[in-house]
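S.K.: First the structure, which I've put down as structure tokens, then a few questions once you've had a look.
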Amino acid sequence: MSDAGHVDAVCKPLGAADIRELARSAGVRPRKTFGQHFVVDPGVLRKIARYAELSSEDIALEIGPGFGSLTLVLLPLVRRLLAVEIDRVLAAVLPETIRRRCPAFADRLVVVHGDVLRLTTLPDDPTVLVANLPYNVAVPAVLRVFERFSTVTRTVIMVQREVAERLCADPGSPAYGAPSIKLRWYGRARIVGSVSADVFWPRPQVESAVVRIDRQPPPVPGVDRAAVFAVIDAAFAQRRKMLRRALSGWAGSAQAAEERILAAGLRPTDRGEALTLADFIRLAQAPPTR
């Protein structure tokens, strides 16, 4: 029996009809405010799990498990699964769904009802994030997980294609921006797969992609991450402005910004979209004028 067949034998996957029936019985309709789009193709979810290269020692974190489509695929593959769900009804329904469809591994699931953007602790230390992320919180959710949970060594996330391109973009490309640079503080992202809009219910208006991010050590030991991120935010608050003007508020004045830009070995006429993470680190470390 194949790995997929074995998993399906012990954890019955959710198809489109199953998810619609669960939604009907729970009185749930997909909520745009939570960016809810449920995957109805188990094959896509198995691919996501393979991209994560899970082991029996992993403690997985899933954000927005919904009715449990991905949860059912992950449970047989990991030691423990921490599922963070903001929707109160879905958080209450999920454990029973897992008990009925995956009884052999139901005790591996821990459901946390809450907002991932406000999470400070979890019942265990996650080693990997695997999730079909709600479209409206994908970028801040990934950054939050890397910031708060240093034990996470890798993530595999499904996000809309535009977000995936922003996360993986290089300097000078149209998709390059604050998310691209901030993510590089934690690791390197790459697109590992494409996903059709047809595998979701309700069907979104955009295509999706799967992104893998592997954590790397901080680029420069001892550098204040918050200080670097503050410069990045200032540079991209007005994306098309030259650094001298874009950083004037951050530095205190346009003249002060120019002096710090020059001290960092950059040009006042440069724009943030052309700078690397190393450039922003030098800017943050450049001494302020007296």
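Cβ coordinates are placed from backbone N, Cα and C, and glycine is handled just like the others.
Worth saying up front: this structure is predicted, and the values here are computed from it rather than measured.
What Swiss-Prot records for this protein is below:
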BINDING   HIS37, VAL39, GLY64, GLU85, ASP115, ASN132  S-adenosyl-L-methionine binding site
S.K.: Which residues, sitting 6 or more apart from GLU85 (S-adenosyl-L-methionine binding site) on the same chain, put a CB under 8 Å from its CB?
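M.R.: Those within reach of GLU85 (S-adenosyl-L-methionine binding site), by Cβ under 8 Å and sequence separation of 6 or more, are GLY64, PRO65, GLY66, ALA91, LEU94, VAL111, VAL112, HIS113, GLY114.
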S.K.: For the binding-site residues HIS37, ASN132, work out the Cβ neighbour count at 10 Å and name the residue with the minimum.
M.R.: HIS37
S.K.: I want to check the contact list for VAL39 (S-adenosyl-L-methionine binding site): same chain, sequence separation of six or more, C-beta distance under 8 angstroms. What comes out?
M.R.: LEU45, SER69, LEU70, ASN132, MET158, VAL199, PHE200
S.K.: List, in sequence order, the same-chain residues at least six positions removed whose CB sits under 8 Å from that of ASP115 (S-adenosyl-L-methionine binding site)?
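M.R.: Set apart from ASP115 (S-adenosyl-L-methionine binding site) by at least 6 residues yet with Cβ under 8 Å, we have ILE86.
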